[in-house]
Every structure is written in structure tokens, then in C-alpha cells.
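Undergrad: Features from TrEMBL:
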- Cys269: active site, nucleophile (ACT_SITE)
- Cys143, Ala144, Ala145, Pro146, Gly147, Gly148, Lys149, Glu166, Asp197, Asp215: S-adenosyl-L-methionine binding site (BINDING)
- 48-337: domain 'SAM-dependent MTase RsmB/NOP-type' (DOMAIN)
Amino acid sequence: FVLHLKDGKKSDVKHRPQKQICSPVLEHFDKQYSQELGDSWNSVKETLLSPSCWQYAVLLNRFRFCSKLERHLESLGYQSLFKGAPAVPQLAPQCYISRTQCRFPAQQHQPGRLKEYYLLNAASLLPVLALEVKRGDRVLDMCAAPGGKSVALLQCATPGHLVCNEYDGLRLRRLSKTLDSFIPEDLKSTIAVAHLDGRQFGHLQPEAYNKVLVDAPCSNDRSWLYSSDALQAAVRIAHRAQLPALQIQLLRSAIAALRPGGTVVYSTCTLSRAENSEVIARILNSCDSVHPVDLTELSKAFSDEFTLATGIPHGLLVLPDKDKTWGPMYVAKLKKSWTF
């Protein structure tokens with residue numbers, strides 16, 4: 001099932017017109033999230049409907065470190081995301097954020113030349129930090145495209161083996177290009193790109209990994225609000241009710257592929273309770289081999305940078321908010337029990 005990484009071709013940058021808010025999706029979100037989030041939904045909605053204020057963090061590539069870039073970021077008012085965060089592992093990636101609505105330019109893919117940085121939603125680093133990858137770990141990134149979390153994992157430590165999996169063919173090509181842009185040749189022997197349905201891993205590779213990340217397909221709130229037409233919106237809304245079943249299947253597969261004593265981190269970029277805490281609750285109620293890991297210390301470490309929802313069982317939920325526009329991002333961590 002392994003595909004070797006190949007050099008991609010440089011793609012042209014195309015300027016797209018400003019997307020319009022999709023009214024059916026907004027109405028659907030209004031109905032659901034006003035119940036689930038209460039008064040917090042008004043602030044979250046205001047942020048989601050103002051893409052011009054969305055922030056992007058700058059994740060530096062340790063394989064092409066540039067001190068000049070760091071100095072330039074600092075001159076623009078950027079600061080380390082992990083500054084003063086005691087609960088963050090020592091091998092945390094170098095990531096810079098700005099408290100203003102500053103947008104750093106993206107870098108284009110150039111075959112044979114590594115990029116210096118990756119732009120991302122800072123909250124998407126939480127699943128990576130929760131996984132706590134260490135040197136020599138066998139790691140599976142089950143739903144890896146477009147590749148940001150795989151890149152971030154490799155900024156933390158060099159695993160013994162990393163499988164970056166993606167089932168969708170178009171997204172698979174994007175994943176391969178991302179890895180080509182950030183990972184040096186001498187490290188690619190430890191990385192495999194797989195093209196499997198994530199639900200197959202538990203059967204095909206039982207207890208093969210000690211760390212698994214399931215960044216599950218979900219109803220992406222940011223992109224769904226800007227669905228291109230009413231028909232696409234209707235299809236997405238109808239499909240939304242089916243997503244928790246898929247997410248549970250992926251998580252069960254991850255647990256089966258996990259060694260005893262290993263950990264799996266589950267994450268989504270939606271606010272939906274049905275796709276977040278309810279998925280974890282159903283797994284815990286039906287699977288005796290795993291138990292939740294408390295993420296309180298991780299939440300405390302980022303309480304100044306992220307707006308975190310209260311009363312979320314088994315995990316963390318980052319809410320997009322004014323001046324802290326990171327998220328949505330849900331993160332939960334499970335540990336597999338030892339069997340004797």
C-alpha cells in the first residue's frame with residue numbers, strides 16, 4: 001500500500017473571487033449551535049463570518065531553519081506560540097503568531113527546494129502536541145491530507161516510522177506535494193504515504209503503532225459557510241448526519257491498530273457535538289480497552305492564546321473569537337490499556 005514520494009510540479013497561483021456566505025448552511029448552524037453553544041455562538045458566528053480577520057500562524061521548518069526569517073517575524077510583531085507555556089513538550093515545533101490581523105505570504109512549491117515555513121490555523125497544533133510523538137515512535141496519521149499535521153509531527157521529533165494515509169486521490173497528491181516541500185531526502189526512508197480507507201488499518205495492521213492521529217473528516221464549519229452553491233450546501237447538510245458513523249469507524253480502526261499502552265488522538269475542525277464529544281462517548285461506552293486522557297494541562301498552557309469552550313467532556317474545543325480567531329478545533333486523547 002506504500003506510495004513513494006515524488007517531486008511535484010510547480011503549480012500556478014490562481015486568484016479566486018471572494019466567496020459569499022451560504023444562507024442555508026448559516027441557518028443550519030444557527031439552529032444547531034445556538035442550542036449547543038448558547039450565548040457563545042453569537043461571538044463565534046461573528047468571527048466565522050469575517051474571514052478578513054482570520055489569523056494564520058507561521059510554522060517554521062526545522063529542516064530549512066533560517067534565523068533571518070525568525071528576526072523578520074519578530075520585527076513584524078510575531079511571537080512564539082509556546083512562549084511561557086510550561087505544559088508544552090520541549091520538542092514543540094517553532095511556531096509564530098501575531099496578535100494583529102497580519103498575513104504572512106505563502107510560499108509556492110518548488111521541486112527540490114524545501115519551504116521555510118507552513119501557514120496554518122494555530123489550534124491545529126493541539127492534536128500534534130497531545131499526541132506527544134517521541135523519537136523512534138511508530139506513528140500513523142490516518143487522515144493526513146493536506147499534510148499540515150504530518151509536517152508538524154516531524155517538527156516535534158523524528159519517529160522511527162511515520163505512515164501518512166489519505167483515501168481521497170486528489171487529496172493524496174496534495175499530501176505528497178506537501179511532504180516533498182518540507183521533508184529532506186534523507187528522512188523520507190522513515191515515511192510512507194498510504195492510499196487506504198482508514199477503516200482498514202485495524203484489520204490489516206493490528207497493534208502496529210504506538211501513536212495514531214485521527215484528524216477525522218468532518219463538517220468543516222469554516223469552509224461549509226462558504227459553500228459555492230445551494231445544491232452543494234444541501235448535499236453537505238444531508239451528509240452531515242452520516243459523519244459520526246464514519247468517524248466512529250475510523251476511531252475503532254485506530255484503536256485496533258494501536259499497541260497496548262499506546263495513544264490515539266482524535267480531532268476535528270467542527271463545533272458539532274455529534275462529531276466531537278458524542279463520538280468519544282460512544283467509543284468509551286463500547287470499547288473497554290481505552291480510557292480518556294486528561295488534557296487540562298494542555299488547555300491551561302494555551303488559555304491566553306485560545307478561547308476554550310467550558311463543560312466539554314473528554315476533550316478540548318477551541319472557539320473562534322474576536323482577536324483569537326483560531327479554531328474550531330476539537331481534540332480528545334485516548335490511551336489503550338495493557339492486556340495480560
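From the backbone N, Cα and C atoms, a Cβ is placed for every residue, glycine too.
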Undergrad: Below 8 Å Cβ to Cβ and six or more residues apart, same chain only. Which residues does that give for Cys143 (S-adenosyl-L-methionine binding site)?
TA: Asn165, Glu166, Tyr167, Gly198, Val214, Asp215, Ala216, Pro217, Leu250
Undergrad: How big is the gap, in Å, between the Cα of Gly147 (S-adenosyl-L-methionine binding site) and that of Cys269 (active site, nucleophile), rounded to a whole number?
TA: 15
Undergrad: How many Å lie between the Cα of Lys149 (S-adenosyl-L-methionine binding site) and the Cα of the residue listed as 'active site, nucleophile'?
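TA: Given the Cα positions, Lys149 (S-adenosyl-L-methionine binding site) is 13 Å from the residue listed as 'active site, nucleophile'.
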Undergrad: Identify, in sequence order, the residues in the chain of Asp197 (S-adenosyl-L-methionine binding site) that are 6 or more apart from it along the sequence and have a CB within less than 8 Å of its CB; answer 'none' if there are none.
TA: Tyr167
Undergrad: Using the alpha carbons only, what distance in Å do you get between Cys269 (active site, nucleophile) and Ala145 (S-adenosyl-L-methionine binding site) once rounded?
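TA: That separation, Cα to Cα, works out to 14 Å.
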Undergrad: Around Ala145 (S-adenosyl-L-methionine binding site), which residues of its chain at least 6 apart sit with Cβ under 8 Å of its Cβ?
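TA: Result: Glu166, Asp168, Arg171, Leu172, Arg174, Leu175, Thr178.
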Undergrad: By a simple count, how many Cβ atoms lie within 10 Å of the Cβ of Lys149 (S-adenosyl-L-methionine binding site), its own Cβ left out?
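TA: Excluding its own Cβ, Lys149 (S-adenosyl-L-methionine binding site) sees 23 Cβ atoms within 10 Å.
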Undergrad: Quick one: largest C-alpha distance among Cys143, Ala144, Ala145, Pro146, Gly147, Gly148, Lys149, Glu166, Asp197, Asp215, binding S-adenosyl-L-methionine per the record, in angstrom?
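TA: For the residues that bind S-adenosyl-L-methionine, the greatest Cα distance is 20 Å.
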